[in-house]
Amino acid sequence: MADARALLRAKRQEARVNHPLASYNASGQLRCIACGTTVKMASSWEGHVGSKAHRTNVARLRDEEKRREEERLAQKRKTDELEESGDEQESDASHKRQKLDDDAAETPPPPPVQTSGLPTDFFSDPSQQQPPPSDDSEDGAAAPPAAPPDQPPPAIDLEWQQFQAAVLDAPDIRETYERATVVAEPELMNEVPEGFPLAATEGGEEPQPQEVDEAALRRRKELEERELIMDRLLEEERAQEEADAKVAQLKSRLEALKRQREAKRAAKEEG
């Protein structure tokens, strides 16, 4: 019995399928990686590989693998570009810093500024202090040199003069208003201004305003409404008459056509 089992096991081992898409589980069953299905016997593997479903799954796996490879390459290319741009920016920044440092090192420090052309410790030595100037020297120093007469005034002075003439020395509005002359065209006026009582008549009696008769106004309004209604009725009656005339005309034409047809038919029958 043990020999038979060993022979069966050896036979199974000899019949194992060696294929990239073939795999065996823990119980020794053959399984297709592309299709995810179990193949019962090793002899059926060739038939399974030649099936349409297996070829479709293999093509799908290849497309997925190709797409993943393209995505991986694109990601790698993007990462390399970012690294190169970062290195270039860093090198540019370091180059600029180095250039600034070199320029700062090559630039000599500015010499100390002396306002009067004297050494810095000149006034600290009392023996070298200058005597106080006299009044004559002060008057002579205070007098500024006269400007040449032919030199035109600067643009700032001209603008200041224009500003003074326009704002500070502007004419008085009241004086301008008092000196103004008003010109108006003549207009016809009513003898009795609006809002004033009427003038007395020759007999000395003032005319009495006419009282409004509400009844007369009501009668006038009713009469106007009645006239409007009558006009509307007349228009409707005229439109109805025109429509009746058109209908009668159409009927007469229809009768004439019927008579013509009957006459033609009778003539054909007689002929």
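Residue numbers in this text run from 1 along the chain shown.
Glycine is treated like the rest: Cβ placed from N, Cα and C.
Note that TrEMBL annotation is computational and uncurated.
Marked as coiled coil by TrEMBL: 233-270. Tertiary neighbourhood of the coiled coil (233-270): none, as no same-chain residue meets a CB-CB distance under 8 Å with a gap of 6+ residues from either end.
The compositional bias 'Basic and acidic residues' annotation in TrEMBL covers 60-80 (among others). For the compositional bias 'Basic and acidic residues' (60-80), the DSSP counts in helix, strand and coil order read 21 helix, 0 strand, 0 coil.
With DSSP classes pooled into helix, strand and coil, the tally for the compositional bias 'Acidic residues' (81-91) is 11 helix, 0 strand, 0 coil. The compositional bias 'Acidic residues' annotation in TrEMBL covers 81-91.
For 92-102 (among others), the entry in TrEMBL reads compositional bias 'Basic and acidic residues'. With DSSP states grouped into helix (H, G, I), strand (E, B) and coil, the compositional bias 'Basic and acidic residues' (92-102) comes out at 11 helix, 0 strand, 0 coil.
Residues annotated as compositional bias 'Pro residues' in TrEMBL: 145-155.
Look at TrEMBL and you will find 58-156 tagged as region 'Disordered'.
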